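K.L.:
The Mg(2+) 1 binding site annotation in TrEMBL covers E91, D113, L115. The Mg(2+) 2 binding site annotation in TrEMBL covers D113, D116, E280. Feature annotation from TrEMBL assigns substrate binding site to D116, G117, S118, S119, N208, K274. Annotated domain 'Fructose-1-6-bisphosphatase class I N-terminal' per TrEMBL: 5-193, in sequence order. TrEMBL lists 198-331 with the feature domain 'Fructose-1-6-bisphosphatase class 1 C-terminal'.
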Amino acid sequence: MQPVSLTRFLLEEQRAKGLINADLRLLIEVVSRACKSISIAIGKGSLGGALGSAGSENVQGEVQKKLDVLSNEILLEANEWGGHLAALASEEMDDPHPIPHRYPKGEYLLVFDPLDGSSNIDVNISVGTIFSVLRCPDGVSEPDAQAFLQPGAKQVAAGYAVYGPNTLLVLTLGDGVHVFTLDREMGSFILSQQNLRIPEETSEFAINMSNQRHWEAPVQRYIGELVAGTTGPRARDFNMRWVASMVADVHRVLTRGGIFLYPRDTRDSSKPGKLRLLYEANPMSFIVEQAGGAASTGHQRILDVQPAALHERIAVILGSKNEVERVSEYHKTV
Ligand code: AHG
Ligand code: MN
Ligand code: MN
Ligand code: MN
């Protein structure tokens, strides 16, 4: 059978299910092309002169890597001329980026983490790009941050690229999760898996154990049980993985199951977690739920959270449904 390219897949989704229109199809294709460029820049490593620190700080207070800034620029330049977007927002920009007046505007908002896991880039560990697509609210001609403050359940599409041993694009349009592998010779993303499903049970957890003393009681209890050895019908030896690139950890969970936690901790009550809601938690939660998993703050479904700020942080507990539900139960009782 002929390999199915991303372009063909999107066209067939448009014809068969009317899930997307020409503008959204262009948006996804443009973002995928930008991810190809980012993959090439990353692949050059030190030969591309793009490793190390950019010497600047982003709104998160993080020192930006050169590739954080480069990836952000690649995504901006790829998207601003297409006429499909009303504005863009990013981890690496304080405020939304307006579409220059010389270009037409479209109905969509794109919010993204241009390089996720950037602390790993200088040590050659997998990193990624995460993106989320929203509709621009009716009647908003000059979208500001307020236009982006929509619950994750309003997303029309979400995806990520993982730059690992091979480069993958994982995408949901709201009708299942599909995986495309970059064919470097052709320069095309080729459909490699459709309708990914996360196993409801797992024996693998992902959390940064060095923060244990800061966790709240329900997470202490849950992880304590896994480390001590579960008993009864759930008795099994749990394994632990922590890549410190959300994209890599979530892709593993999507592929073979698992539970990923970056919980809120007691260090800073102003920060209810490390991960950002709009361009990390929401797109990943949309994808995980579309693959039959669950995504919770511990207290509520992440996709139901009403954002109050563009760079708002949130607690993230996502993956195999039965384990996420157990942690949520512990948040009710402890
Ligand atoms: P980013 O590189 O986009 O700032 O995101 C990094 C995030 C996420 O990718 C990962 O899960 C988490 O930071 C790792 O945090 P720790 O380094 O505290 O483990
Ligand atoms: Mn960062
Ligand atoms: Mn990130
Ligand atoms: Mn980032």
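Count begins at 1; order follows the chain as displayed.
Placed from the backbone N, Cα and C atoms, the Cβ positions cover glycine too.
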K.L.:
Say you check the Cα of L115 (Mg(2+) 1 binding site) against those of the binding-site residues N208, K274, E280; which is nearest?
P.N.:
E280
K.L.:
Could you tell me which three-state DSSP class E280 (Mg(2+) 2 binding site) falls into?
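P.N.:
Where E280 (Mg(2+) 2 binding site) sits, the three-state DSSP reduction gives helix.
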K.L.:
Starting from the Cβ centroid of D116, G117, S118, S119, N208, K274, which together make up the recorded substrate site, report each further residue of the same chain whose Cβ lies within 8 Å of that point, ordered by sequence.
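P.N.:
Filtered neighbour residues, in order: N120, A244, S245, M246.
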K.L.:
Please give me the binding-site residues out of S118, K274, E280 that lie within 10 Å of E91 (Mg(2+) 1 binding site), comparing Cα atoms only.
P.N.:
E280
K.L.:
For the substrate binding site, please report the maximum Cα-Cα distance among D116, G117, S118, S119, N208, K274 in Å.
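P.N.:
Taking every pair among D116, G117, S118, S119, N208, K274, the longest Cα gap is 16 Å.
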K.L.:
By the DSSP assignment reduced to helix, strand and coil, which category contains N208 (substrate binding site)?
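P.N.:
In the DSSP reduction, N208 (substrate binding site) maps to coil.
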K.L.:
List the binding-site residues among S118, S119, N208 whose C-alpha is within 10 Å of the C-alpha of E280 (Mg(2+) 2 binding site), in sequence order, or say none.
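P.N.:
Passing the 10 Å Cα cut: none.
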K.L.:
Provide the three-state DSSP residue tally for the domain 'Fructose-1-6-bisphosphatase class 1 C-terminal' (198-331): helix first, then strand, then coil.
P.N.:
60 helix, 21 strand, 53 coil
K.L.:
Which binding-site residues from the set D113, N208, E280 come near ligand 1, judged by a Cβ under 6 Å from any of its atoms?
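P.N.:
Checking each Cβ against ligand 1, the ones under 6 Å are D113, N208.
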K.L.:
How would DSSP class E91 (Mg(2+) 1 binding site) in three states?
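P.N.:
Looking at the DSSP assignment, E91 (Mg(2+) 1 binding site) belongs to neither helix nor strand, so coil.
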K.L.:
Starting from the Mg(2+) 1 site formed by E91, D113, L115, give every other residue of that chain whose CB sits within 8 Å of the mean position of their CB atoms, in sequence order.
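P.N.:
So the extra residues in range turn out to be D68, S71, N72, S90, E92, F112, P114, D116, S118, T129, I130, Y279, E280.
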K.L.:
Counting only other Cβ atoms and using a 10 Å cut-off, which of the binding-site residues E91, D116 scores lowest?
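P.N.:
Result for the binding-site residues E91, D116: minimum number of other Cβ atoms within 10 Å at E91.
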K.L.:
Check the binding-site residues D113, E280 for other C-beta atoms within 10 angstroms of each C-beta and report the one with the most.
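P.N.:
Of the binding-site residues D113, E280, the most buried by Cβ count within 10 Å is D113.
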